[in-house]
Amino acid sequence: QNWAKFQEKHIPNTSNINCNTIMDKSIYIVGGQCKERNTFIISSATTVKAICSGASTNRNVLSTTRFQLNTCIRSATAPRPCPYNSRTETNVICVKCENRLPVHFAGIGRC
C-alpha cells in the first residue's frame, strides 16, 4: 500500500461519516466480502502525513497528536450492502511509515 491508497482508505473528505454508505465502496470489499472494520481519521492529509516526518526508517510510529477517529465495524455477516456500527473517539494513532509517508493504519492508542 502507498500514501495515496492510505489517504483513500483512511482520510475522508468529510467529517460526516455514514458507515453503511462509505463501507460499500469497492475499496472496502475484499475478495467479494465486506471489510470487517475500517478507521477513518477526521483530519487533513497534511496533519496525518506529519506523523512520519521524523521517521528515518520504515517503521511503525505513534502520533503525538490526538485525532478524531470514526471506526466502522461490521455488525453482521450479510450480503452487500453490509450493516455497520460506528464508534467515534479521540486518540493517538499508530501508522506504518515508509519514505516518511504513512502507508498503513496500524492501531489506535498504541503501536
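Cβ atoms are placed via backbone N, Cα and C, with glycine included.
Residues or ranges marked as active site, proton acceptor by Swiss-Prot: H10. If you draw a 10 Å sphere around the CB of H10 (active site, proton acceptor), it holds 20 other CB atoms from the protein chains shown.
As annotated by Swiss-Prot, active site, proton donor applies to H104, with the evidence given as similarity to another entry. Sequence-distant contacts (6 or more apart, same chain, Cβ under 8 Å) of H104 (active site, proton donor) comprise Q1, F6, V95, K96.
Under the heading substrate binding site, Swiss-Prot lists K5, K35, E36, R37, N38, T39. Mapped onto three states, the DSSP output places K35 (substrate binding site) in coil. Of all the Cβ atoms in the protein chains shown, 17 others lie within 10 Å of the Cβ of K35 (substrate binding site).
Per Swiss-Prot, disulfide bond is recorded for C19-C72 (among others). Around the Cβ of C19 (disulfide bond), 23 further Cβ atoms fall within 10 Å across all displayed protein chains. DSSP assigns C19 (disulfide bond) to a helix.
Positions annotated as disulfide bond by Swiss-Prot, on the basis of experimental evidence: C34-C82 (among others). Its Cβ placed at the centre, C82 (disulfide bond) has 21 other Cβ atoms within 10 Å.
Around C52 (disulfide bond), the C-beta neighbours below 8 angstroms that are at least 6 residues distant in the chain are V61, V95, C97, R100, L101, P102. A helical conformation is recorded for C52 (disulfide bond) in the three-state DSSP classification. The disulfide bond annotation in Swiss-Prot covers C52-C97 (among others).
Summarising the annotation, Swiss-Prot assigns disulfide bond to C94-C111 (among others) and lists experimental evidence as the type of evidence. In the three-state DSSP reading, C111 (disulfide bond) counts as coil.
Among the features that Swiss-Prot reports, pyrrolidone carboxylic acid is placed at Q1.
Sequence-distant contacts of C72 (disulfide bond), defined as residues of its own chain at least six apart whose C-beta falls under 8 angstroms from its C-beta, comprise I17, C19, I22, M23, R37, N38, T39, F40, Y84, N85, S86.
Every protein chain shown contributes to the tally, and the Cβ of K5 (substrate binding site) ends up with 12 other Cβ atoms within 10 Å. Spatially close to C111 (disulfide bond) yet at least six residues away along the chain are N60, V61, L62, C94, judged by Cβ distances under 8 angstroms. Using a 10 Å Cβ-Cβ cutoff, R37 (substrate binding site) registers 15 neighbours. Each residue contributes its Cα atom, and for H10 (active site, proton acceptor) and C34 (disulfide bond) those atoms are 16 Å apart.
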